[in-house]
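Q: According to TrEMBL, the record shows the following:
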REPEAT    94-136  repeat 'LDL-receptor class B'
REPEAT    137-182  repeat 'LDL-receptor class B'
REPEAT    183-225  repeat 'LDL-receptor class B'
DOMAIN    276-316  domain 'EGF-like'
REPEAT    364-405  repeat 'LDL-receptor class B'
REPEAT    406-448  repeat 'LDL-receptor class B'
REPEAT    449-493  repeat 'LDL-receptor class B'
REPEAT    494-536  repeat 'LDL-receptor class B'
DOMAIN    584-621  domain 'EGF-like'
REPEAT    667-708  repeat 'LDL-receptor class B'
REPEAT    709-751  repeat 'LDL-receptor class B'
REPEAT    752-793  repeat 'LDL-receptor class B'
DOMAIN    882-919  domain 'EGF-like'
Amino acid sequence: FYAVSNPILLYSTASDIRVVNTSKLGKVNTIVKDLEQGSAVDFLHRKDLICWSDQTAELIQCMSYNETHVGDMVRIVSEGLITPTGIAIDWYTDKIYWTDGETNKIEVISIEHRYRKVLFWSEVDLARAIAVVPKEGLMFWTDWGEVPKIERAGMNGDPATRKIIVKENIFWPNGITIDYDNNLIYWVDAKLHFVDVIDFNGEKRKSVVKEDLVYPYALTFFNYKLYWTDWKTWSIHTWDIATSGPMKELIKSDPVPVDLKVYDGSRQLMPTGDYPCKENNGGCSHLCLLAPTPPGYECACPTGSKLKENSNTTCYNSPQSLLIVAQRSAISKISLDSPDFTPYTLPLKDLKRALTVDFDPKYEHIYWADSLAKTISRARLDGSEQTVVIHSNGVPDSIAIDPLARNIYWTDPVTDTINVARLDGTSKKVIIHNELYDPRAIALHPTAGWMFWSDWNDKKPKIERANLDGSGRMLLVYEKLTWPNGIALDTVKNKLYWGDARTHKIEVCNMDGTERKELHSSEILHIFGLTLLGEHLYWTDMQKRTLDRINKNTGLDRQPVVEQMANMMGVKAFRLGEALGWSPCADANAGCSHLCLNTPDRYVCSCPLGLELSKDKKSCVEPEAFLVYSRKNVIGHISIENEGNDAVLPLKDLKEVSALAVHVAGNKLYWSDAKTKTINRCSINGSNMEKVLEWMGLVEGIAIDWSGQNIYWTDTATQRIEVARLDGSSRRALVWQGLKKPKSIALDPNKGYMYWSELGSKTIKRAGMDGSSPSILFEQVGKVHSIAIDYERKAIYWAALDPPAIEFAFLNGTGRKVLISNVSMPYTLTIHNDKVYWGDWNTGIVESASKLTGDNRKIIQTGLEYISELKVFGRARVSGGQCAADNGGCAHLCLAATRDYVCACPAHYRLQADNETCTGKFLLEK
């Protein structure tokens, strides 16, 4: 090619694309019409192609064109675009590079095969124009975001090649163009009204044009002349670099000219010999991307797929579009690639009530929740390799997968929690438990670090958002809402969609809850599942037994997908090989040993119940001891060693926990519930929950006798202290006279004593653990809600409320002193090693201090207002005791006492002469 003196200008307006020969300025040809918002334009001269972006239509399209022929338009990119502002064609390898000022990405696509890859996603703010230099393997782009700049990088997207080359004296950098012969970059600045030039290294910057520029937008270079569009003058201007001007107006354009290029083969010269990617696509199965470093190219895969193991050239294959639908006793899949939408039932076994489904695009597994089986399972897309992944304590309802962090989230309307685990079912953890009434649908935005869920409630139905670690909770929608069922996210446009089964509407808002609007409300009876793919929203209607879709933007173009299919519940649409975006957790779990949870600001390593995050904030370790607390209807764990390590147990039907105790040897927790009037127990991780005792009064203190395997409790309603076996059998009263509101209770099985506080008499008392010889140990202690024994020092600690203080004395009644006085409302305390720990009802703060001096106070946890109990679960707890061997030979109760243990019988039974067994008959029987 040789440069002509009167070049052809190719330029776009908002509504069309035009060409004009600069020797015949009066004759402008419109070659593409009816654009919605025309933006960038470029060409591939060797193949007679011109390509352009349309911002409103969210498209990049191409068309064959020469002076004698105009071909049909072909869509090159039609999804995942919002504001494609700049495009540049690599004429060596036939690819389009583009910037998107809304998705904040720079991407590439091969024109022939449509293999698409995101190249840059971080620190891309408002990327505008882009230019490529294939012979160097380099690309350049302008960014007029908060920190305006011009950047350079390899065309393969290698972050190591990325470099800011202009960052000073720059405000609104717009158009950019290359002088390929001299390795120079020219750009315009619309705010500072200049054209400047710089070399590829960001050096030798010079001013080129600095006068009479009003609002320059796009810029191109040809034959030592610059051409640019101006949005204020509605014109195309030119400037002769060789003569330093003057500026000339070439064309007035209506509508305003947007982008422009000189359409000439000399702007796209091909090398005469070999060049990277020329032969056999460089040996690459998908994308061969030019690179500035040897060997001058790199094989790359479309976003969402990856190179095969042990290969630098071959990628896995991708795309198909599918729906999967849960139907209680079946799961079906429907191809969206064919117009017939024929459902195919997967060969799955033992489905009882499959309500919701999701898809893991990485390993192409479907997941489903079965609310009757109380499980979450998975299988391959063909139904093979069916496996139960999670056995739930409650009832898993809606599930959502974070494919980047490899986690699964689910709502549980029985335990009123939102939970997370690894996709293999390990590392289960409750992440939200407060103020949930009937949590239903859940959806994730993994790259943004958000989750969204709906919550049914007759009084306060709502839709909320939180970070993926449960922090940053935000109420989004709460008015004119009744039964919010399905939730779907448009993670490109940051839109939240939901269906309301009672108002019969599909609505949409921004992900912060703003700009709420009704999208569709025609002939919807009971919407359940909702999902989004491409331009369409899909939903199931339980009553109509239908599955329909509409345009996600307009709510129009309703189309039936399945007109009649039984029991359609949850639905998930997906496209195989679709780009997943990026998350820090996607890279080797970000170094987290267990859970990596992405948030908008950073990733967070987190641990399953029973483990704690170590000081490196990445590794989970089993603690030597931890704190267990109760407040209102919650029981949870707190780390003693490491801040910010708290976890809630996934327990159902907790109403008001009034007392709590731990049994280390049995790996159990025991608690009383003031509302249900029961004593219950579970494993330390919240599993195996069971009722131990019922028909209680108001149990406000519980203690475990680890030696005799008994449970002791105080009942302020019946004014009694009672005992039973750990399984609730052999119940009997021990002390029932002279008690005035007994509250906290503590045991010393080795010495055979029990201790308790009384709110009515404001005393601390003790008796033998068989109930013998009750006596006052300390008087005038005020209202003591919690006592704890230090077996090592033979001492007792208590938390008093009037005045508020933590006190200490020896078990022989001497040495009484106030240990800590500067407290608000110390409600519960416990001892571990050399520290005393206490929880404050008013402030919600858990603190520790030296048990000897009260010094070295340290805040352990905050945000636990109304904390009622605090216990230590320590592996090195005291063991042994009088009844440790074979229950002391007793048939029922072995009760430690001050001299020696005694055998005792359940209420209404009598000890026989052998002092070990009880009469087999109920005493009242005749």
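Cβ from N, Cα, C; glycine included.
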Q: What does the DSSP secondary structure composition of the repeat 'LDL-receptor class B' (183-225) look like, as residue counts for helix, strand and coil?
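A: Secondary-structure breakdown of the repeat 'LDL-receptor class B' (183-225): 0 helix, 24 strand, 19 coil.
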Q: What residues in the same chain, six or more past the boundaries of the repeat 'LDL-receptor class B' (667-708), come closer than 8 Å to it by Cβ-Cβ distance?
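A: Answer is 393, 609-610, 628, 630, 635, 649-661, 714-718, 720, 723-724, 726-728, 731, 742-747, 749-750, 754, 756-757, 769, 869, 873, 877-884, 887-888, 893-896, 901.
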Q: Tally the residues of the repeat 'LDL-receptor class B' (94-136) by DSSP class, grouping H, G and I as helix, E and B as strand, and everything else as coil.
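A: Looking at the repeat 'LDL-receptor class B' (94-136) with DSSP, the answer is 0 helix, 24 strand, 19 coil.
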Q: Report, as numbers and ranges, which residues of the same chain sit near the repeat 'LDL-receptor class B' (364-405): CB under 8 Å and 6 or more residues beyond its ends.
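A: Hits for the repeat 'LDL-receptor class B' (364-405): 322, 324, 326, 331, 333, 346-358, 411-415, 417, 419, 421, 423-425, 428, 439-444, 446-447, 451, 453, 468, 570, 572, 576, 580-583, 585-586, 589, 595-598, 603, 650-652, 686-687, 689.
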Q: Cβ under 8 Å to the domain 'EGF-like' (584-621), counting only same-chain residues 6 or more beyond its ends: which ones?
A: 402, 404-407, 420-422, 426-431, 446-450, 467-469, 471-472, 637, 639, 641-642, 644-645, 647, 649, 684-686
Q: Excluding the flanking five residues on each side, which residues at least 6 beyond the ends of the domain 'EGF-like' (276-316) place their CB within less than 8 Å of a CB in that stretch?
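A: Long-range Cβ neighbours of the domain 'EGF-like' (276-316): 90, 92-93, 95, 107-108, 110, 113, 115-118, 134, 136-138, 154-158, 161, 361, 577-580.
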Q: With helix taken as DSSP H, G or I, strand as E or B and everything else coil, how many residues of the repeat 'LDL-receptor class B' (406-448) land in each class?
A: 0 helix, 23 strand, 20 coil
